[in-house]
Amino acid sequence: MLSRLFLAQGRFCSSHPWEVIVCTLTLTICMLSMNYFTGLPRICGWNYECAPQVKESSLSSDVLVMCIMRTLAVAYLYLQFTKLRTTGSKYILGIAGLFTIFSSFLFSSAVIHLFGLELTGLNEALPFFLLLIDLTKASALTKFALSSTTQNEVVDNIARGMAILGPTITLDTVVTTLVISIGTMSSIRKMEVFCCFGILSLIANYFVFMTFFPACLSLVLELSNSNKYGRPVWHLGRFAEVLEEEEDRKPNPVVQRVKMIMRTGLVLVHAHSYWLASNDTELMSRDMLYDGNLLTDKKIDPTMPLWEFYATRLWPPTLDYILTAILATVLASHYIFFSDLATYPEKRVSIMEGHEVVNPGSDHEDASEVETIGTLSSSPSTSDVRVIESMTSRTQACQTDPVTASPRNSRSSSPVSSHSVKPARFTIGSSGSGSEDEEEEVIKEEEVEWVLETELKAPRPMPELLEILNVGKGPNALTDDEVQLLVGAKHIPAYKLENILDNPERGVAVRRQIISKLLPITDALEKLPYASYDYSFVSGACCENVIGYMPVPVGVAGPLLLDGQEFQVPMATTEGCLVASTNRGCRALRSAGGIHSVLIGDGMTRGPLVRLPSAQEAGAIKQWLEVPENFAAIKERFESTSRFAKLKSIQTALAGRYMFLRFKALTGDAMGMNMISKGTEQALHALQTMFPNIEIMSLSGNYCTDKKVAAINWIEGRGKSVVCEATVPAHIVQQVLKTSASALVDLNIHKNLVGSAMAGSIGGFNAHAANIVTAIYIATGQDAAQNIASSNCMTLMETRGPKGGDLYLSCTMPSIELGTVGGGTVLPPQSACLQMMDVKGSNIHGSGLNASQLARIVCATVMAGELSLMSALAAGHLVKSHMKHNRSALNIASPLPSIDEVATHRRSKSVDFSALKESSAAAPGTCTANAS
């Protein structure tokens, strides 16, 4: 019951950090302001002169003892932060810890004000207050938070941590409060003051830990996470390990029961002391804190503001306070600047801006193994990048690529060793004025929080490695070299590295190291990036034996006006001018009033192959399936495998005693190959139950037909069947497309129809539909191989209008195979491209609407590309545009002016060829300007 309450409370605080922080600070300010403006009626030393005996008692405090107490309090606080440092980034945890201490002190002061007590005795009670602060539980809760990989997991893990830690902390707080409260009955005034402040600070600390700290921790981690994809920079490890560690530290049930008994006994003691013996024992009152003798006090006029009076009392400029401040400054500086090397000598190398830091205790040999990768230009434009100073193959969770630099970097190009590594990164954006060598060796600042965590030493023996892997601390305690040894000895399958290491990025890095040693050129993978990618979406879904990811440029064509709605269409391609040409077609069709589309068919297919003893039996089964009642029975079995699968038809064909069945079904917003395969398998089992002689030879008999040129897809359709049409007025054809409707119609007939027929084409009656289909497929995470059938397209053109100057064109695409859920659509970049067109995931208004809309967009974009390319061919601009804008080298010399251009200058005495040359030239790769 308590765990559930703390779970809900932790989830609320961590999911609403701003609200909790603002409410806590507002409550603190309100409590402080209650008595700050009104003031206490009697404040010793400010508006009243205390009795002589009180002053004497105050002045007789042992300064040496208090100085020792303050020193111990500062040292204890430093040790608490050092413990907290072991869980992760010292800056994140330091900020959270400082927030906690500051807020606890501030809130304690507010509580003291709320109870009507003054703060003049808090300066001596401050060390006691600091000694009561225990950051162990804060460290435990922080470990729960740092084991998260996303911000949503941060909220969940903080809530789980609160559910585990909350009951224990509550019990400890109650018992400690009751124990300290015994001191309030000691009749020793100084002890009563200390215990009073201690009780109030415990209550304040408990409130802050339960509310302010979870909210602050959640907010700090959210603000510090600069990686949109991939693991956050503060990611610590597996949640299960943190949970297991906390379970190991769980208090003994016997101790918990003893605490409960102590709590009950202490409550009875206090009840007896305060309630039953009230006549013999004085209650704790204000007189304990400012003055108990009302008759001997003398009222005086304040000589300073109340806040200044409290400040001088809390921190007077005396020698013991100055020594305490110096000690606190030294320890804080040591914690911030030297704690890495002093506390963890195994972290020999730190990542800094252009400097190399080596542990002084390391010998020359170890230091010589540290590589320094150059720095980028120091210009302000490169301030957002940091340089990885050193990388070795001994990193635990952040291993780099085992590829050596090229000879131009003054490093050996010999085969890879375990101590020569170089990170591979894919960086987008300008790199300032640095040289090319420097540009290749820099990465963004948020990508480098990497330090070495192990000594540079030889791998341990194989038996010890197996014990660590199977029984000990697990793969996290192994270096990359040791993991490679286990892979080479077949103890770890290479394809399971991500799962066994429980760190996908490290698994990919280790696999790259293994593969690099097998390549003829060891640094072949240097330019293939792998870091800062969320492989959790890849494993078991999109790719196996991953060694990186392939960045492909993504352009946008649009706005595409389709059925009254505008779309920006993403296209991933390396073919120059493709996006620009498609963009020009979109502009022309938008000016013409847009494109209209119609979905004429929908259904993914799977065509299994079965064999029967004779053709006669095969024919009988074919006729049996044509009976509606029998088809309904198979349909019911088929649809039992998925709530989205809806079987539409079963088409059969015989080849002797072999029977091919083509199951066609709706698959919702998924492309549906896996879905329909499961349904087909169950349908075949049902058919086999009724006809035992059926022998299922293959779930796919190429009668589908998938990823192969086939007339059946062109005729019967597969996936989505879409037709798009538009009418382009004559003035747009002439002004935008630079041609005429009659020329386009004539070219389309002889090129797309006659030419394709002469080539024996099946579904290829178009100019370049596959270009657009493939570019959109790669951008949106579709199966790129399915462009074979999806690119089936017939482009038709006709003249329209009174004078035949308008152009009517249509594109018919009967087999667009795509989906908006599953497969590569789950990858974050591809998902973003789907989101651009508002077709990401399943449609909440109807199953399959998003996939159908995407198919319409594909067909409409194909039509825009067809119109632009055909216009370029008709006008004779194709070769010229590609020679200018689709070459990797510098542009060839610009051609001489055309006859038409010369004619416009006939009235001039001379022709300015240089001006014409400048107007026709363009920078490399800027075909968008001319095509838009």
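Here the Cβ of each residue, glycine as well, is placed from N, Cα and C on the backbone.
A quick note: this is a predicted structure, and the numbers were derived from the prediction, not measured.
The following features are taken from Swiss-Prot:
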- ASN279: N-linked glycosylation site (CARBOHYD)
- 343-467: region 'Linker' (REGION)
- 374-403: compositional bias 'Polar residues' (COMPBIAS)
- 468-932: region 'Catalytic' (REGION)
- GLU575: active site, charge relay system (ACT_SITE)
- LYS707: active site, charge relay system (ACT_SITE)
- ASP783: active site, charge relay system (ACT_SITE)
- ASN850: N-linked glycosylation site (CARBOHYD)
- ASN886: N-linked glycosylation site (CARBOHYD)
- SER888: phosphoserine (MOD_RES)
Inset, instruction - Among GLU575, LYS707, ASN850, these being the recorded positions, pick the one whose CA is nearest to that of ASP783 (active site, charge relay system). - result: LYS707
Inset, instruction - Measure the Cβ-based neighbour count of ASN850 (N-linked glycosylation site), defined as the other Cβ atoms within 10 Å of its Cβ. - result: 24
Inset, instruction - Calculate the distance in Å between the alpha carbons (Cα) of ASN850 (N-linked glycosylation site) and GLU575 (active site, charge relay system), and round it to a whole number. - result: 28
Legend entry - Chain-internal residues near LYS707 (active site, charge relay system), provided their CB is under 8 angstroms and they sit 6+ positions away: ASP783, ALA785, GLN786, ILE788, ALA789
